[in-house]
């Protein structure tokens, strides 16, 4: 039974004892928001010789860039919140690793579950006041510098809300780690492991499958959503990229990164529920143990064994040959043996435990082997094999014989050199051969027929970037010899456009990917000059001057 007066007194006592956390949180957030804002203001004035509030015309765009860095691009703010969540969780639940503190707390007329919620409420509420004070300072600074617009206000509040959600998710993960472990050092190691596991596995798999998993249209590309750290980073990245299309005079709210926000909310709730259930099952005698729950220890060992196995495969193969299966297998075996031994020493605190429990190690070996085989199978299934039969030297003559579109990178220029308003990267080639293959590709798409075309862009004598465009299942997929798992987004159509961006510009032919039916040259021109047009609306795969005799106006 909990006495109301006892609970209130304990709440006040804990609040006073941890007052330093509130003060430190306020200072840390001050560095990430108001202080960083002042830095941006000073840097803007020194770089352009104009005060932040007096920016006009072209300088307004630069001011928006500064505001974007302060909000969507402020990863320092995110890092501060993650660090504060870690610190608050470890400090507030440190009594779980100290038997004398547990005896003191649990001797009070307060229910055990109330101790859990007391720490949680103080933990998630600890940064609310410091955050609000610093946001008020931000609005004062913005008002004094002429940028307190509706757009900036909404974006700052939105980013702060997502940042706070990231804090809550990381705090819940820290709480779970503290409940699972019985020593302070393992509180910290456990938190770092839970926060970093998904991002580390994601990075390992990117190296192991020699491609950018970000572009894979499979569930595997959502591994980053399993960690609040990577989910938060992903939100800032998605929203930051989308905000590049904002109105030049003001920063605008964008609704990208929604999956990350949902993931953060789910992680915060599910992890909190798990921590609450396990907290109720803990005993005071569990203090001093590495992992409190026997079954949890086995699960953690299994996950760590898989992690070390994959790390070993990446390290050994990257040292010798990333494409060699022999080195990958050797590295996987080495990683498992080393990892399982180190994990046993850490978790069992007994260097002989690994040898004694050899039957258990065989189970972990089977799990690790299954994970490794699954990754290799995943690679073989999704990897594009269209370039496998091409040697290291693929000459222009070979490319022309294979009916490729051949371009010479040494003889090209950017469209912005002749058209100053061009804000997209469009490379115009002076030497192009085999464009009829692209025309055939467009005709096949119109007929709904599966088709393929290859572009060979030569940047040295016989060294090129090869890009294959495949039309299948109603979509155009692109692969190149540096990325065998697809590049960026897929489109539905390829169109051949002809025209000038303005009367003084050169007349050119543009081969453009888009998902809009009946895409016109005017649509493409707007895409080239207007920040408000979605960056992924189109993709120019080839452009060349008509006057050079490389094509004719149709």
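Using the three backbone atoms N, Cα and C, a Cβ is placed for every residue, glycine included.
Unlike curated entries, TrEMBL annotations are predicted automatically.
Taken from TrEMBL as is:
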type	residues	note
TRANSMEM	20-38	transmembrane segment
TRANSMEM	75-95	transmembrane segment
TRANSMEM	115-133	transmembrane segment
TRANSMEM	139-159	transmembrane segment
TRANSMEM	164-186	transmembrane segment
TRANSMEM	192-210	transmembrane segment
TRANSMEM	222-240	transmembrane segment
TRANSMEM	260-279	transmembrane segment
TRANSMEM	299-320	transmembrane segment
TRANSMEM	332-351	transmembrane segment
TRANSMEM	363-382	transmembrane segment
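Within its own chain, the transmembrane segment (299-320) has Cβ neighbours under 8 Å at 180, 193, 197, 200-201, 204-205, 207-208, 291, 327-336, 338-340, 342-344, 347, 363-365, 367-369, 371-372, 375, counting only residues six or more beyond its boundaries. With a cut-off of 8 Å on Cβ pairs spaced 6 or more residues apart, the transmembrane segment (20-38) and the transmembrane segment (363-382) reach fewer than 3 such pairs and are scored as not touching. Between the transmembrane segment (260-279) and the listed ranges 75-95, 115-133, 139-159, 192-210, 363-382, the one holding the most Cβ pairs under 8 Å is 115-133. Counting Cβ pairs under 8 Å that are 6 or more residues apart, the transmembrane segment (75-95) and the transmembrane segment (222-240) reach 3 or more and are in contact.
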